[in-house]
């Protein structure tokens, strides 16, 4: 047993003892108040009065003044009691009793009295269920749509319906295209079928979407189930297929092309434009002639006249002087435009301006056309590229790609030009419209491996010349192809160039004649 007379040590011991035994915390609060009262009753002593004794006692008790227990701190929740494990267990038992009150216990007892079969039958009496007559109600919209579209479920092109952009207008990038169908009858082919496709679709996907919409609308005749049997061509606003250009590449995205009018054309295995027999009508005009392709002999002469005038004026608006058609063998007799080609019994006509007549000898060209020449002239309008060298003024050359079609001539520099562009000016791309082309002549041919040709065109009211070199076979093919294009197009620039060239030749001839005459007189 220990005897302590220091109240501070005793208070600290009591606090430490109540850490684990006092759950209320009230003793701790009482003891703190007692410390405050103790300080008031024992003020600090005056220095000098038994200073050594006070200093000794204060040195021993300095660490215990207001010493509280280690685990108890003074805060706003100082007097809040933490729940013990016993209280938590009692709370859990209380909740279990409440849940038991909500449950109802029913005791199962065996049935002692036996009931007869009639009593059991009366308990579960069979009900008579009468069959309801079929209701003649209104059909749902879904049933009506399924009856109206019996081919929708059997559409072989359903996989391409996901590229239909009609439900995505305004939310996703789409593209609206008018598609002409040359495989239709003569009446239906005049009206295009509007297709809205996703901008991310490829050309092959667009062909499948066109076939899907064509089949869904129940059009005739039926299409081939293979999408690869069709291709897309550029078409005019009136539905005429532009065969001068190849079909669109099926692997390219459709947003790459800016055409709003296309035509769905069936592919053919044989070379050429189609496997069917091609029919051509020759239209003679001033400074050249044109070959108009027709599908059959049932076409009217009015359609042939419109195509001939459009071919003559090119991209210009069809306005100004009016024209008429005459048979080549019957001058000054206009052809009935409402009649068909079959009733004319002729394949060669002449395009004459109204209120005028054919001059003598203007159209005295040979009417006999070799079929090989016709095929060469038709193929000349198809796009083809050649790799040649362009000759500049200082006689240095630049490798270029020369692309020739029925509408324009494109000159694109080859990208790999490190040697030529290091010291010289880089060649820029050039595009020349065929209406501005004037002539294409062979300049020189030194050997089978080297030849030079000259291309003349109109630029800003002045004639410019471009010189190219390549092997003799390539140069000969290019010159022949360009001349076929020039002969089939009635170009004003070419006519003016030939007239100017003829005037220079006449002036030179007259000058040499006068010079010879003067020398003879002397």
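Each Cβ is built from the backbone N, Cα and C atoms, and glycine gets one as well.
Per Swiss-Prot, N-acetylalanine is recorded for 2, and the stated evidence type is similarity to another entry.
The feature region 'Interaction with MAP3K2' is assigned by Swiss-Prot to 2-184.
The annotation region 'Disordered' is assigned in Swiss-Prot to 38-59.
If you look up Swiss-Prot, you'll see 86 (among others) marked as phosphothreonine, on the strength of experimental evidence. Neighbour density for residue 86 (phosphothreonine): within 10 A of its CB lie 9 other CB atoms from the protein chains shown.
The feature phosphoserine is assigned by Swiss-Prot to 128 (among others). There are 4 other CB atoms within 10 A of the CB of residue 128 (phosphoserine), with all protein chains counted.
Annotation comment: Swiss-Prot describes 186 (among others) as phosphoserine.
Sequence annotations record features per position, and here Swiss-Prot assigns region 'SIN1-type RBD' to 279-353 based on sequence analysis.
Swiss-Prot lists 315 (among others) with the feature phosphoserine.
Taking a C-beta cut-off of under 8 Å and a sequence gap of six or more, residue 356 (phosphoserine) has no contacts in its own chain. Annotation source Swiss-Prot lists phosphoserine at 356 (among others), citing experimental evidence.
What Swiss-Prot records for 382-487 is domain 'SIN1-type PH', and it gives sequence analysis as the kind of evidence.
Per Swiss-Prot, phosphothreonine is recorded for 398 (among others), and the stated evidence type is experimental evidence. The secondary structure of residue 398 (phosphothreonine), as reduced to three states from DSSP, is extended strand.
The region 'Interaction with ATF2' feature in Swiss-Prot is assigned to 468-522; the stated evidence is similarity to another entry.
What Swiss-Prot lists as phosphoserine is 510 (among others).
Averaged across the region 'Interaction with ATF2' (468-522), pLDDT in this predicted model comes to 77. On a Cα basis, residue 128 (phosphoserine) lies 99 Å away from residue 398 (phosphothreonine). In this structure the alpha carbons, written CA, of residue 86 (phosphothreonine) and residue 128 (phosphoserine) are 65 Å apart. Residue 128 (phosphoserine) falls within neither a helix nor a strand when secondary structure is assigned with DSSP, and so counts as coil.
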